[in-house]
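Asker: The structure under discussion is supplied below as structure tokens; questions concerning it will follow.
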Amino acid sequence: MQVRVRLLLLLCAVLLGSAAASSDEETNQDESLDSKGALPTDGSVKDHTTGKVVLLARDLLILKDSEVESLLQDEEESSKSQEEVSVTEDISFLDSPNPSSKTYEELKRVRKPVLTAIEGTAHGEPCHFPFLFLDKEYDECTSDGREDGRLWCATTYDYKTDEKWGFCETEEDAAKRRQMQEAEAIYQSGMKILNGSTRKNQKREAYRYLQKAAGMNHTKALERVSYALLFGDYLTQNIQAAKEMFEKLTEEGSPKGQTGLGFLYASGLGVNSSQAKALVYYTFGALGGNLIAHMVLGYRYWAGIGVLQSCESALTHYRLVANHVASDISLTGGSVVQRIRLPDEVENPGMNSGMLEEDLIQYYQFLAEKGDVQAQVGLGQLHLHGGRGVEQNHQRAFDYFNLAANAGNSHAMAFLGKMYSEGSDIVPQSNETALHYFKKAADMGNPVGQSGLGMAYLYGRGVQVNYDLALKYFQKAAEQGWVDGQLQLGSMYYNGIGVKRDYKQALKYFNLASQGGHILAFYNLAQMHASGTGVMRSCHTAVELFKNVCERGRWSERLMTAYNSYKDDDYNAAVVQYLLLAEQGYEVAQSNAAFILDQREATIVGENETYPRALLHWNRAASQGYTVARIKLGDYHFYGFGTDVDYETAFIHYRLASEQQHSAQAMFNLGYMHEKGLGIKQDIHLAKRFYDMAAEASPDAQVPVFLALCKLGVVYFLQYIREANIRDLFTQLDMDQLLGPEWDLYLMTIIALLLGTVIAYRQRQHQDIPVPRPPGPRPAPPQQEGPPEQQPPQ
């Protein structure tokens, strides 16, 4: 009975609200409220009659869910048929297509009204509620602005259930929402193809999806497409289009867009170079959490580029990035990136760059298929980590390791254990299987298996935690030089797990592991030097170690992408990728970008800007200790490439390369400058000294040094002649006193010996000429055999 009364009161409130809203709508037609505003207060609806009625209805109907359900259940048991009629009448104000055809069970699914009035729903501005009622979206609220429809939306909106949909949105907002939902679906389709394919044509198809989503202002798609246009990744390189997208993303507050725009201003691509603007955009990108922007700022503060040099500021940025890189390190170690310097590769074509030729890879594959265990293990490791021209492929790695493990190879067993312990899309994670392989490998004395078994006991993976056994197996692995064992031993001593805390021992094992190239070893050493734990605090050392960790992040894969672009003669794409990596502080990228610009192979940079930008990056690479870059700086100042001719500055760079890196080329150049007196006072003796040093420093320099010394001897003789008075010399010269009274006999003897040597040489040369022999008789031509004579028949 109580429910009946409340429903009747609701009907009265609705009818009064409908009439009041009609009159109010005529006089307040231009009024509107924010469609996404918060819940209204009493003050915000005091001037709206319908709002008052809604609040009145709310006060009458607010009950706890349990109370309403109890009352409804009682009423159902007493008079089910009467309640059906009552409910049907009470909701007859709904302007749905066929309300009378809905059954009672469907009507029971109507949300219990919380009657939360939403600001603006009782006014003339259309609104839209993106949730379903009776399996339909209530577009009646948006189409003709009916007061009863809007009132129903306001009084049946369940805040707790429907807050995820937002509040009331206008038609324009609803259209944007539907567009973004469509764009998100297109973006996800493109990313699915992109992540699940390895073929270029499939990746190009994926970027077509992403371009379509980007055209619908999908932020993540815009970020992907903008960088693809910048680098020419599966799309035609278009710096101007990338710039426009970066500007659009920057307006929306995208950290990736801000970082991209900062890069364009830093490198002067598509815009006038401005280091001040670059610094501003990099800073905003870093504040938004972009790790590349943090790396750029870390390097700039470390090297003092555009900012005051500050080791502590560099430490802050590098440590933040290093924390993310260290957290992403997997048990298998992740992918390996090959760093190849283009200047070294061109200067020394025979130098081993570390890349495997396709023919050699096929040869190893042939051996592996024939059962060569070492080839199987080697290919498994290559595919597990990638690098050296081989793409990372866990399926192939697993197959090769499985073949070798079945043949009894302990190394393959240990790596199978690592793959099972880590888990992937190819190999399901299984502590039991990993433990099985680790034990088999460890029993055979394999350090990888011993280290894996130690990890199992340390963290309780498939076994009970046992620090003593973990320490035992790590020590065995470390004694054999395995970096994982050394790293874990250092961690146990650092944290005092299973052993007494000992920072000196931790430092010892971290240093050993870092010599093997383990990323986490560099990270732990950086933490110790940054905080002064176990060592004297050193900001400079900590920054260098953190920088090393940061440069092994996932973005380092761009190095190989840029190298492949260069090998494919796509110099514009290569130089842009190297330039971005150079901004992040990669020395190899700085030298490679400078080399491409030096060779004038990239047309994306104007001719007048080529040498100045190359000089900039040679300078940055030289400051990080690259010898060739330091010599190039001397060459640029010597010849005036990208700057004025400055022999003194050139001499300084050559001397630095000679003293710090013991470069034979720099020593030779110093000898030449001393010989000519360029940038320094002429000194023949110092010139000879540097020439001799160059010959000792490199065997390749011996031939040019010999020629230079011959020339230097002639120069020295001519200089002596110029300085001496020849006429006075001969008048004062007494040959009898110098060579003795028979000096003329000595001279004649020497001339005779020389003449005899020449005659003997000529005779031997004449005897060595072969005497032509008369041609012998030619052999008779072979007689052609005719057809056999036919025997007469007998």
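Cβ from N, Cα, C; glycine included.
According to Swiss-Prot, the record shows the following:
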COMPBIAS  23-32  compositional bias 'Acidic residues'
REGION    22-737  region 'Interaction with ERLEC1, OS9 and SYVN1'
REGION    23-46  region 'Disordered'
REGION    73-105  region 'Disordered'
REGION    643-723  region 'Interaction with SYVN1'
REGION    738-794  region 'Mediates retention in the endoplasmic reticulum'
REGION    767-794  region 'Disordered'
REPEAT    183-218  repeat 'Sel1-like 1'
REPEAT    219-254  repeat 'Sel1-like 2'
REPEAT    255-290  repeat 'Sel1-like 3'
REPEAT    291-326  repeat 'Sel1-like 4'
REPEAT    373-409  repeat 'Sel1-like 5'
REPEAT    410-446  repeat 'Sel1-like 6'
REPEAT    447-482  repeat 'Sel1-like 7'
REPEAT    483-518  repeat 'Sel1-like 8'
REPEAT    519-554  repeat 'Sel1-like 9'
REPEAT    627-662  repeat 'Sel1-like 10'
REPEAT    664-699  repeat 'Sel1-like 11'
SIGNAL    1-21  signal peptide
TOPO_DOM  22-738  topological domain 'Lumenal'
TRANSMEM  739-759  transmembrane segment
Asker: Between the repeat 'Sel1-like 1' (183-218) and the repeat 'Sel1-like 4' (291-326), are there three or more CB pairs that fall under 8 A, provided the residues in each pair are separated by 6 or more in sequence?
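Answerer: Result for the repeat 'Sel1-like 4' (291-326) with the repeat 'Sel1-like 1' (183-218) is no.
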Asker: Could you give the number of helix, strand and coil residues in the repeat 'Sel1-like 10' (627-662) as assigned by DSSP?
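Answerer: Per-class counts: 28 helix, 0 strand, 8 coil.
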Asker: Based on DSSP, tally up the residues of the repeat 'Sel1-like 11' (664-699) by helix, strand and coil.
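Answerer: Residue counts for the repeat 'Sel1-like 11' (664-699) by secondary structure: 28 helix, 0 strand, 8 coil.
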Asker: Near the repeat 'Sel1-like 9' (519-554), which residues from the same chain, at least 6 beyond its ends, have a CB less than 8 A from one of its CBs?
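Answerer: Contacts of the repeat 'Sel1-like 9' (519-554) (Cβ under 8 Å, skipping residues fewer than 6 from its ends): 291, 295, 298-299, 302, 311-312, 314-315, 318-319, 321-322, 324-326, 328-329, 333, 337, 483, 486-487, 490-491, 494, 503-504, 506-507, 510-513, 584-586.
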Asker: Averaged over the region 'Interaction with SYVN1' (643-723), what pLDDT does the prediction give?
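Answerer: When the pLDDT values over the region 'Interaction with SYVN1' (643-723) are averaged, the result is 89.
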Asker: Which residue counts does DSSP give the repeat 'Sel1-like 3' (255-290) for helix, strand and coil?
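Answerer: Counting residues by DSSP class gives 26 helix, 0 strand, 10 coil.
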